[in-house]
Amino acid sequence: MNNTAVTSYRVVVVQHPPFVMYDNKTEKWTGFCIDLLDAICETVPFEYEIREVVDREYGSLNENGSWNGMMKELIDKRADIALSSLWVMAEREKVVDFTVPFYDLVGLSIMMQKTKTSTSLFKFLTVLENDVWFCILAAYFFTSFLMWLFDRWSPYSYQNNRDKYKDDDEKREFNLRECFWFCMTSLTPQGGGEAPKNLSGRLVAATWWLFGFIIIASYTANLAAFLTVSRLEIAIENLDDLSKQYKIQYAPIKNSPAYAYFHRMADIETRFYEIWKDMSLNDSLSDVERAKLAVWDYPVSDKYTKMFQAMKETGFPADIDEALRRIRQEGEYENNEFAFIEDASTIKYLVMTNCDLTQIGEEFSRKPYAIAVQQGSPLKDQFNNAILILLNKRRLEKLKDKWWKNNPIKKSCDLQNDQSDGISIYNIGGVFLVIFVGIIFACLTLAFEYWYYRHHAKVTELNQITPLKMKMTKTIKPIRFNLHPAPTHGFQTISQFRSRF
């Protein structure tokens, strides 16, 4: 057994997936820290009994100088080991002993809901409002009709002065159909082709070209902007961005380590302000000393003071479930964007098990995780030796892979497209549908043209037959060509056959 006479230790824990979890099916404790404790037992043989601390707190110093959570259990000798994702903090080291860290430096981080990129097959149509599309369509019909009207009534148009333009290579009569086609193709890189011959018609065409150039340039620029903005990531990238805006609400859980951090930083800023104010308003200072304290700008940062005040106005979530409801804007929190501030290990686990959440920015206020024991306990040295052995054998890295990379509850989420990716088919697919619709419409038009031609040709042929032609048709007998030799008394040569007619 170990050096002490104790063969069984009392272990207090705080549930924090995946570090410490309780499986209701097997009624056993599992997690990274439990596996770590079992690995330590291989070097320092002992038995242990686990129980969860009543208030489910890691341990913080109250205003009256008393402790709560796991720290209180160790101070009051009701537990031998405090095991969880427990931060090493200066005030805690004064009342308990910590082993060497068993986990990397972990700080606070920000978590938000992933932005839901809106997709539409006809995204290219939403670039302009419906009123603008209607005005463009109206301008197209009006310009086409006006061009036809000018070409019809101008004495210098091709259809009214054909002799003047008989030597030109291109002869284009701008009837109504040609005017519609000209205005349509003028908006494409292909161009409209030959312009009207008359000056008035050319002025209309030039005006339409200028209009089309401005519209196409504006449409192209706005389409690029729309597709770019739709793929932008969340505007918040770090804590400074969060502190400089007022649209997104943010807060940590009440009495959590993150709450203690912001509360302490705001208190420090307040103390610095009071010190500066007392110095600058001190009547005992000379003019020279007072001049040295004179500044144009406020010399003490109030970043955390403002943030903590904003958090109090927002309200602190009671637990993780309430924080998730706020992030997802469910129920009473609808239409209120929310950023949750918590230790990075918790956020990484939530992101790992929820595809709609994302971690924002870098970690801040980083501290290591370690095991806490009673002050002066021999377990500290024994556990230190065991943890170092595990580090050398890379056992801790294998445990991390087990509970993070290879965790069976890890969700397989679709990769989000970043800004370097191309345009999604979900945003540009409508263009391909336009091609298919155009082809289908062209096929229907071809069928109509074929039917119309066959029907119209028969009617026209019947209408063009005069009574004289009908009489001649009746008198002329059909000629039948016989491939067999003709009788000797008939036509002997082809010339004789032709001479008959």
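Just so it is clear, glycine is given a Cβ too, placed from its N, Cα and C backbone atoms.
Bear in mind that TrEMBL entries carry predicted annotations, made automatically and left uncurated.
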Member of Cys355, Cys443 annotated by TrEMBL as disulfide partner of Cys413: Cys355
Structural state of Arg92 (L-glutamate binding site), classified by DSSP into three states: helix
Average model confidence [pLDDT] within the domain 'Ionotropic glutamate receptor L-glutamate and glycine-binding' (18-76): 91
For Asp343 (L-glutamate binding site), nearby residues of its own chain (Cβ under 8 Å, 6 or more apart in sequence): Ser85, Trp87, Val106, Gly107, Leu108, Ser109, Ser256, Pro257, Ala258
Counts of helix, strand and coil residues, the domain 'Ionotropic glutamate receptor L-glutamate and glycine-binding' (18-76), according to DSSP: 19 helix, 15 strand, 25 coil
Site of maximum Cβ density within 10 Å, from recorded positions Ile236, Cys355, Cys413: Ile236
Proximal but sequence-remote residues of the same chain as Arg92 (L-glutamate binding site) (Cβ under 8 Å, at least 6 apart): Gly59, Met71, Phe98, Ala372
